[in-house]
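Q: My questions will all concern the structure given below.
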Amino acid sequence: MKHITSFLFLLAVAGALQASPPRKPSSVIPIGKVMTHDPVLAKQGDTYYLFATGQGISVMSSKDMKNWKFEKPVFDKAPQWAGEAIKGYNGHTWAPDIIFHNGLYHLFYSCSAFGKNTSAIGHATNPTLDPSSPDFKWTDHGKVIQSVPHRDMWNAIDPNIIIDEEGTPWMTFGSFWDGIKLVKLTPDMNGVAQPEEWYSLSRRQRTFNLDEENAGDGAVEAPFIMKHGDYYYLFVSFDYCCKGLKSNYKVMVGRSKAVTGPYLDKDGKAMDKGGGSLVIQGNKDYAGVGHNAAYHLDGKDYFISHAYSVAEEGAPKLIIREMTWTPDGWPIVNF
């Protein structure tokens, strides 16, 4: 969702959505018809809630992960801080992450300008995800981190939060430039912990002489860390999204016994040296499978992402699949 090359495709998708008849709040949409980018999931009670890229952050709900209905977006209007901090930001908010921690649902989100690392990650909380609850209210806490061109060789988008075994919150994030970073957060997750702790988790080779304002050709983004057994698993997306049927996104993985890495692939190559083992890629029905999340829910593990439908000329669709594991502990997603 981040690059100049994807801009026209996103405009086309947005135009198609605007041309559709207004949705009724109660309309049920089967999963095969759900159009989305960068989905993440949370469950409260017997209801699943999906958050995704969209104006004000798109929200949907489901009782079975198969039939979905739209809920009200998180924000009615763009957070004031984001409009002031990010030149060119128009309220179309990218790549959220959602986690329940210490009695609150914590939502992290990306504000950026297309094709630049003029970006920031924000944080909002809510005691409940149920919009019918009298306690339902999103409180925005503003900016967690920001990237600035010519100052930072990283891009403050695509956040994901992992709580380590000691209860410490960490945020991984990044897209292109110098790859995927990890930073320790304060206990309330409103900012970077002091003294600062930063780690590089995944990167791909970038052409040496490119201007620093250029996103570059080290195509890695959308990190997501999941704990399974003795290991932390780092999922990332290689290559390019948001080009319809020309998208070649694919999901790669590595693992580490420490949340801070190094994350190694099946061959023992470190992901911060370009490593990564393939989890899933496009097939005859879908192009560009990527920007994934992974969860343990209801006694099973699930893989969630978007992909571009061949049958519907590249429309971005919601993908949810059960995820299993090899005997030696590597994820399998049948697709």
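Note that Cβ sites are derived from N, Cα and C of the backbone, with glycine treated the same way.
Because TrEMBL annotations are produced automatically, they should be read as predictions rather than curated entries.
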Q: The substrate site in TrEMBL includes Gly115, Asn155, Ala156, Ile157, Asp158, Ser175, Phe176, Trp177. Which of Asp38, Asp46, Asp230, Asp239 is also listed there?
A: Asp38
Q: When the number of other CB atoms within 10 A of each residue's CB is tallied over all shown chains, which of the recorded positions Glu221, His291 has the maximum?
A: His291
Q: Within 10 angstroms of the C-beta of Asn155 (substrate binding site), what count of other C-beta atoms is obtained when all protein chains are considered?
A: 26
Q: Determine, to the nearest whole angstrom, how far the Cα atom of Trp177 (substrate binding site) is from the Cα atom of Asp38 (active site, proton acceptor).
A: 19
Q: For Ile157 (substrate binding site), find which of the recorded positions Asp38, Glu221, His291 come within 10 Å, Cα to Cα.
A: Glu221
Q: Ten-angstrom check, please: count other Cβ atoms within 10 Å of the Cβ of Trp177 (substrate binding site), all chains counted.
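A: I get 24 for this one.
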